[in-house]
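Some notes on the structure that comes next.
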Ligand code: ATP
Ligand code: MG
């Protein structure tokens, strides 16, 4: 039998690729070629006669799956042929994400679980409506548990494969008890609506396999080989689904890196990879040490940083490439200067240094960060795609405030008015609103005019009439402040009069969630302040058209992926597994990375996870890495001084490493 062409693989990689059966673990640091091993191994299996459609490979993101498909096609010399509709091509390996693969399985077998095969997949706002209905049914006082908190608690349970019965017995706080009683109803509610949420896709698949042996066997027998990338981030369900699918043939290859485990907060458990050899005692274990991705200088930085984590397996990460340009740490006056400078540099790289937009990425930690970069990139006409973060202007609270501003700017703007007419609630029930709309339609005038005509509203409930009065007053007050004073003050009045902060407190009482929602409103305030500072004659409509341009829809997720030659704006979480010649890590400040939540909690393990996230960010860079921070950053429109990220001190040798003199156990606890 011919051996696979191992050109392009080092000896341990070749060993892994040439291991054609049995359990196999590749545990190695960033950029050492783990994913390359997976793709070459798929190709090698095929060259050794395994039919492509007997191979299943699982990765974490759609982008990673797409890239892996391309790499395998290149290795096997598959030509991209246009086929007529309905014509089947040659068999191909299945390369997919866990969630997509589960959807495929569930579409076939959902009826066995009592769901229609055409089950709906609920997004966050669908989930919220259901949660609200359930809390009403439970007649809990509004202060006891908010819909969003119930959803977060339930999601935590689902990621840990805790079902409603068990949730009851492990709930400890009052909130958890309420959530546990809501959990069963929530599941019944989903079932009654023929729907699953995102967590269910994994959980229901796990349940399907554990309760229906014949279905499990049928699904497991579809593949002879299963390969899993980024195995350190599997949660309990993913781990068990993998086991179910491989127990019979035992041909399971997993690759991963414990230093890149960054999803503990979502139920991932690094012990799955660390105890692989216990699960599969005859597993072959391969270690890789050479990093082919990054320059020596970038790697040195990554190694120095990750060494600050006390609990980790000592892995060697050696640069294969020469030292290269030193990574830069750049300070900017404020966040505006940071965004302007980074984008100006990017523009220069593209225009003068022949660097392709797709070879550049900007990595950020929080959802508030990309707005300024988006604006600058648009201004300079640099194509970009954003993944892993809800676009800022899509967030519910931002949409609400912007809708208010649009309505204040143009009271006849009915879409905006109807969005905010009873948000926050002010006695204008659905029924009253329906009546107003009907009358507006009958008279052929805008709703706001109907609301201003005493005769047309005479028969509304007293509560509705009070609501209309409140809106009129709000509009008058804000308009007055806008024309006599600044826009900042107008916005302030708007937030006061609507008591929007109370609305957020009412909707969310998990402190993190509340903080993040408030932070996005703070970002609107920042945007207003920045707009006013920049324009000689600022006015509301000017501001609104500015943000309309910035918020213009980029098209669907699929279009984004098709639009390949664009600068990548990514969260560090979404960047896992990817690589870019040029990387900017922005907002390197305490409170951003590490995230404020983890600083406040003061738990070492939380900081350690943030440090791993920073390590993931650094190790994405191939040639040039720039880390930047702003010396002041606006919070609620006011510039505030910042502190450089503690990780910057660690990287530059300005912080004491408690592990320096602690000799790690030799050959220490390798699984
Ligand atoms: P991560 O931990 O970030 O997921 P990884 O271990 O999966 O990284 P890969 O993405 O597979 O690493 O490889 C990193 C880079 O190094 C890729 O560009 C890959 O093509 C290259 N590479 C890997 N092995 C070799 C090799 N033996 N010779 C040349 N280049 C290699
Ligand atoms: Mg990889």
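Don't overthink the numbers, they just go from 1 along the chain as shown.
Using N, Cα and C of the backbone, Cβ positions are placed for all residues, glycine too.
The structure displayed is predicted, hence computed values, not measured ones.
Under the heading ATP binding site, TrEMBL lists 28, 29, 30, 31, 32, 33, 34, 35. Counting only same-chain residues at least 6 apart in sequence, those with a Cβ under 8 Å from the Cβ of residue 32 (ATP binding site) are 288, 289, 290, 291, 292, 317. In three-state terms derived from DSSP, residue 32 (ATP binding site) belongs to neither a helical nor a strand segment and is classed as coil.
The compositional bias 'Basic residues' annotation in TrEMBL covers 660-671.
Annotated domain 'UvrD-like helicase ATP-binding' per TrEMBL: 7-295, in sequence order.
Sequence annotations record features per position, and here TrEMBL assigns domain 'UvrD-like helicase C-terminal' to 296-577. Looking at the domain 'UvrD-like helicase C-terminal' (296-577) alone, the prediction's average pLDDT is 86.
Sequence annotations record features per position, and here TrEMBL assigns region 'Disordered' to 651-671.
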So which of the binding-site residues 29, 33, 34, 35 sit close to ligand 2, that is, with a CB under 6 Å from an atom of it?
34, 35
Identify all same-chain residues not among 28, 29, 30, 31, 32, 33, 34, 35 whose C-beta atom falls within 8 angstroms of the centroid of the ATP site's C-beta atoms; report them in sequence order.
257, 288, 291, 293
Within 10 angstroms of the C-beta of residue 30 (ATP binding site), the count of other C-beta atoms across all shown chains comes to 24
Let me know how many other Cβ atoms fall within 10 Å of the Cβ of residue 35 (ATP binding site).
22
Taking 29, 32, 34 as the binding-site residues, the residues having C-beta under 6 A from ligand 1 are 32, 34
Using a 10 Å cut-off, grab the number of neighbouring Cβ atoms around the Cβ of residue 33 (ATP binding site), all chains included.
25
